[in-house]
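Comments concern the structure below.
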Amino acid sequence: MLYKGDTLYLDWLEDGIAELVFDAPGSVNKLDTATVASLGEAIGVLEQQSDLKGLLLRSNKAAFIVGADITEFLSLFLVPEEQLSQWLHFANSVFNRLEDLPVPTIAAVNGYALGGGCECVLATDYRLATPDLRIGLPETKLGIMPGFGGSVRMPRMLGADSALEIIAAGKDVGADQALKIGLVDGVVKAEKLIEGAMAILRQAINGDLDWKAKRQPKLEPLKLSKIEATMSFTIAKGMVAQTAGKHYPAPITAVKTIEAAARFGREEALNLENKSFVPLAHTNEARALVGIFLNDQYVKGKAKKLTKDVETPKQAAVLGAGIMGGGIAYQSAWKGVPVIMKDINDKSLALGMTEAAKLLNKQLERGKIDGLKLAGVISTIHPTLDYAGFERVDVVVEAIVENPKVKKAVLAETEQKVRPDTVLASNTSTIPISELANALERPENFCGMHFFNPVHRMPLVEIIRGEKSSDETIAKVVAWASKMGKTPIVVNDCPGFFVNRVLFPYFAGFSQLLRDGADFRKIDKVMEKQFGWPMGPAYLLDVVGIDTAHHAQAVMAAGFPQRMQKDYRDAIDALFDANRFGQKNGLGFWHYKEDSKGKPKKEEDAAVDDLLAEVSQPKRDFSEEEIIARMMIPMVNEVVRCLEEGIIATPAEADMALVYGLGFPPFHGGAFRWLDTLGSAKYLDMAQQYQHLGPLYEVPEGLRNKARHNEPYYPPVEPARPVGDLKTA
């Protein structure tokens with residue numbers, strides 16, 4: 001053994017060839033600060049070996065290196081800029097020394113090589129991969145950019161266009177694409193990986209392969225003509241501006257850095273990467289996006305723990321076809337759980353099957369599946385008008401009309417047709433689960449399972465625990481939701497549960513702004529362009545459906561009369577009374593026409609101003625700051641109340657539900673992350689300016705207490721140790 005660290009070791013293989021093996025405790029390898037330091041020590045040992053002829057890098061895990069240790073990021077990002085810069089210089093010196101070894105090097109890459117894992121293998125001369133490879137640089141999705149030389153080496157290896165596509169979008173690619181663009185030199189079966197890598201290494205040692213020529217372009221300026229450079233970087237900057245926008249500075253920073261570094265050799269280019277990385281790491285956007293990643297891991301880990309002793313349902317059923325029922329049926333079947341889809345009429349069943357077939361055909365058109373796979377999936381969706389086969393069902397989700405009497409009757413009837421251990425769930429969006437459970441003989445086998453539309457796109461499923469729902473019931477539906485590729489978050493029962501309960505105060509803030517004379521067009525523009533929502537409130541109401549929102553608003557008002565009951569007619573009432581139901585009938589706040597692709601395109605409609613004038617004060621202008629404050633304060637206050645009342649368990653789960661269920665702008669990280677970034681004391685000062693607007697603007701007592709000491713909701717993060725300590729971590 002030449003060297004042994006906690007996460008990697010170095011040993012001789014044969015005749016002057018050494019192997020460096022990543023083998024961290026646990027199931028995956030991560031390129032954390034300790035591993036970077038250990039890698040530097042191992043390379044130091046290699047540099048002393050006069051008889052070294054070649055080096056093989058490999059992993060003892062199912063994945064090569066999944067990336068940097070993101071749990072370290074928040075503390076690393078708190079160290080002063082100069083100190084973070086020093087540590088990056090140290091880390092890059094390690095990869096430079098790997099790249100500069102006086103012998104050929106090869107990485108045998110299996111599974112994932114992401115972020116720092118990808119940057120590590122970019123420093124070797126050759127890369128051989130297995131078919132399950134996923135390789136790329138996802139850093140821009142975390143609000144940063146590659147910091148271990150990825151923005152320098154990848155463009156010089158692949159050319160500017162391919163590298164920019166991966167780096168700016170935070171993409172990873174599979175084995176075939178990696179081979180096509182030159183990111184790997186070959187792909188072999190897993191059992192042949194080491195044998196194949198050794199064969200390439202021997203050829204390089206023997207002079208049959210010119211490894212020095214392979215290495216040289218990575219050390220030099222990027223080979224691009226002036227015209228090529230102008231085209232590549234201009235197109236990339238245009239694409240980034242269109243897709244990422246001003247709220248996500250990392251992608252455009254990465255593109256500009258690669259452009260600026262193109263004319264330099266490795267050392268100067270790495271210095272530019274360092275100078276760009278460090279300021280990004282100190283942005284609120286990076287902290288928020290890293291926070292989302294960590295919260296996502298926490299939520300998934302919680303679901304995994306909850307379901308460890310539960311068998312995933314093998315047969316499901318959906319009550320109610322149509323768009324929602326068809327979407328749930330498709331998602332279940334697509335992920336391998338057969339589903340019976342029951343409705344009371346043929347037309348609805350046909351609509352449900354058409355929805356599922358449409359989604360499968362999109363997969364076919366994109367080349368994700370072939371005709372055989374399509375036929376196989378669709379054959380596992382069984383449409384029916386009766387309860388045939390329900391005795392085999394493990395879980396049933398009801399997705400019928402949002403009417404408590406109808407839901408109770410259908411659920412009670414279904415309970416008599418299934419096994420005593422079958423779980424029943426309702427896809428209701430607002431009706432309390434404990435109320436629906438009153439109609440059942442086995443309420444312990446019942447819970448809520450709130451999907452979001454469109455089902456195939458929206459990652460969140462709210463799992464609602466009723467007063468009598470058993471732990472096993474909750475675990476079974478969490479297991480099914482996870483199997484469907486969704487992110488299940490368990491909440492306790494109340495009107496609207498979590499997501500809709502906090503959404504309707506936001507809509508109430510919108511209605512009050514309109515009542516006071518604000519223009520809905522400006523509100524939409526401010527909330528989209530300035531705050532960052534994917535849709536402004538008027539547009540969102542049109543998509544949800546004005547009729548749906550009108551009904552849900554009444555349910556919420558009955559559930560929380562002290563805050564959500566109103567004594568005036570608002571914009572939603574006015575549009576509902578005028579039969580303007582939004583996108584579904586082409587008229588809402590906006591007027592909708594189909595574009596060339598058959599998708600609804602919104603246009604202005606002067607008629608809506610006359611309707612709104614009946615329920616509004618004369619038009620007046622509001623500042624962007626006031627619009628954002630008046631829209632967000634009711635939502636944030638309600639989010640805090642849900643945490644204080646135990647409706648949602650943690651700030652992490654609340655923020656993920658908002659991001660995944662409502663499209664809360666990820667660069668803010670969720671309501672609690674936004675609140676922490678703003679500071680609870682500053683938030684209280686802002687909210688108190690608007691408390692005259694009513695109970696929705698009154699800050700909950702728990703938040704007031706935090707504001708007295710400006711306490712955050714997330715646990716405070718300590719800065720990482722000084723850079724000298726990090727080097728030897």
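Cβ atoms are placed via backbone N, Cα and C, with glycine included.
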Per Swiss-Prot, member of Met324, Met484 binding NAD(+) alongside Asp343, Ile400, Val401, Glu402, Lys407, Ser429, Asn453: Met324
268-289, 708-729 - the range that Swiss-Prot marks as region 'Disordered': 708-729
Among Glu139, Asp296, His450, which are recorded as recorded positions, the nearest neighbour of Lys407 (NAD(+) binding site) by Cα: His450
Neighbour tally for Asp343 (NAD(+) binding site), based on other Cβ positions within 10 Å of its Cβ: 23
Inter-residue C-alpha distance, Met324 (NAD(+) binding site) and Glu119 (site 'Important for catalytic activity') (nearest angstrom): 43
Using Cα positions only, nearest of the recorded positions to Glu119 (site 'Important for catalytic activity') (Ile400, Val401, Glu402, His450): His450
C-alpha spacing of Ser429 (NAD(+) binding site) relative to His450 (active site, for 3-hydroxyacyl-CoA dehydrogenase activity), in angstrom: 6
